Amino acid sequence: MAVKPKTTKAKVELPPFEYPQGYQLVAGVDEVGRGPLVGDVVTAAVILDPNNPIEGLNDSKKLSEKKRLALLPEIKEKALAWAVGRCSPEEIDELNILQATMVAMQRAIAGLKVQPDLALIDGNRCPELPMDSQAVVKGDLRVAEISAASIIAKVVRDQEMEELDKQYPQFGFAKHKGYPTKAHFEAIEQHGVISEHRKSFKPVKKALGIEE
């Protein structure tokens, strides 16, 4: 029997992002928390000052927690505007996670003290917005404004999970941040579901005995 050679997926290198011309105020928007079984989906919108650049911006998932925490005050200080938006577990259950993420992004943009004339959204789809918008695949790696938004959203949500951990230490939220890990599944099995769990997510439904 012939052994098939291992195939490795070639990494697709995306070209550097070219900013559309003719826009003065550009906001970057990103989300954190679509995958977890518990808590809000959190988004952030950031308008950076081109005359006051921030070194070391990158996708929040690729930065250490220490680096994210170091960059956060600098982003808040140097940005022309920043805001956080969110949707609760109840809204996620009512809308579905994709629509809830879009609503949370709308809320982040609406919360900016200065409204942008262009919003760059990480991913492949945009929420309905009152200004021009463009989806940017891997935007958190290619667009500084989106990287900054990614860092804010990640730090905010992680801190909320640490607070939830204080309320429910038996679940280990500070470690797994609500994601569907083995430890989280075991905690649900042992301790049940809390009000902050997303009841529409399959593992939570299963724990509640809700049939599909």
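Backbone N, Cα and C define each Cβ position, glycine as well.
Binding of divalent metal cation is attributed by Swiss-Prot to Asp30, Glu31, and within the candidate set Asp122, Asp132, Asp158, Asp165 the record adds Asp122 to that site. A sphere of 10 angstroms centred on the C-beta of Asp122 (divalent metal cation binding site) encloses 26 other C-beta atoms. Most Cβ neighbours within 10 Å among the binding-site residues Asp30, Glu31: this distinction goes to Asp30.
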